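One structure is given here, and the rest of the page talks about it.
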Amino acid sequence: MVSFSCVFLDIFVMMVAVVRSAKFEELYQPSWALDHLTTEGEILRMKLDNQSGTGFQSKSKYMFGKVTVQIKLVEGDSAGTVTAFYMSSEGPTHNEFDFEFLGNTTGEPYTVQTNVYVNGVGNREQRLNLWFDPSKDFHSYSILWNQRQVVFLVDETPVRVHSNLEHKGIPFPKDQPMGVYSSIWNADDWATQGGLVKTDWSHAPFVASYKGFEIDGCECPATVATAENTRRCSSSGAKRYWWDEPVMSELSLHQSHQLIWVRANHMVYDYCTDTARFPVAPVECQHHQHKTTRT
């Protein structure tokens, strides 16, 4: 078994956060341009050239848990390219959690853009420059999702938290199973310096490498109704899922300090402070999301 199923499991097992790791082909399948994906041992490589990009998707959908992949991004001049790792449900009112790695010219830092869609509404971008060169080695990128928060993590350091503020009338993504996806494509109309720097195809193919595929979440069969999946993937009574434990409901004090450090030293754009786009700050921006009571 490569992931927790939406069924009752022994309470001891549910209390232990054992990450389920698997080979690519056990969890995922190519989704388009199959000839642009290759495997070399445990490493999957996806390439972008002037003919096509490519992508893959999980074989199952999930409701809550944590997904992780290790990525080594396109080296050298990656301007115009986007490599994405994200979770998404389907339909016009879909939910989505995005990591988008925006390429740049040689010597300039990669920009990592995160975004959150809830009920089909996005425009919640944050961007940061990483504290390392993500093209030189593999680093882990994770999305943790439960009923209290969505946390984006880089090498287990939180870089963004989207908190459940339903008590303020803000919808929170907790009722749609989501697939896990990754892709690489040409987006030189916006990806690098707002589209000013275009893709230099003389440097193609652009290759992103992957390993360390992990999904530790509640697997949701397509034949099961959404409401039933929500019920089965939530803790109740003796059934305890690790993502519903109190320690997972908010950041620890150490994690909170890490997030403050990331925002102070590496964030280059936050929609909450973009008064041109949002003359009145969105409601969630007016809430102090970095509060923690856990040490």
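Every residue, even glycine, has its Cβ placed from backbone N, Cα and C.
Marked as active site, nucleophile by TrEMBL: Glu96.
For Glu100 (active site, proton donor), applying a Cβ distance below 8 Å and a minimum sequence separation of six or more within one chain yields Val82, Thr83, Ala84, Tyr86, Val112, Gln113, Thr114, Asn115. Positions annotated as active site, proton donor by TrEMBL: Glu100.
As annotated by TrEMBL, domain 'GH16' applies to 2-210.
For Asn104 (N-linked glycosylation site), applying a Cβ distance below 8 Å and a minimum sequence separation of six or more within one chain yields Ser78, Ala79, Tyr110, Thr111, Thr192, Gln193, Val197. The N-linked glycosylation site annotation in TrEMBL covers Asn104.
Per TrEMBL, signal peptide is recorded for 1-21.
The number of other Cβ atoms within 10 Å of the Cβ belonging to Glu96 (active site, nucleophile), over all protein chains shown, comes to 18.
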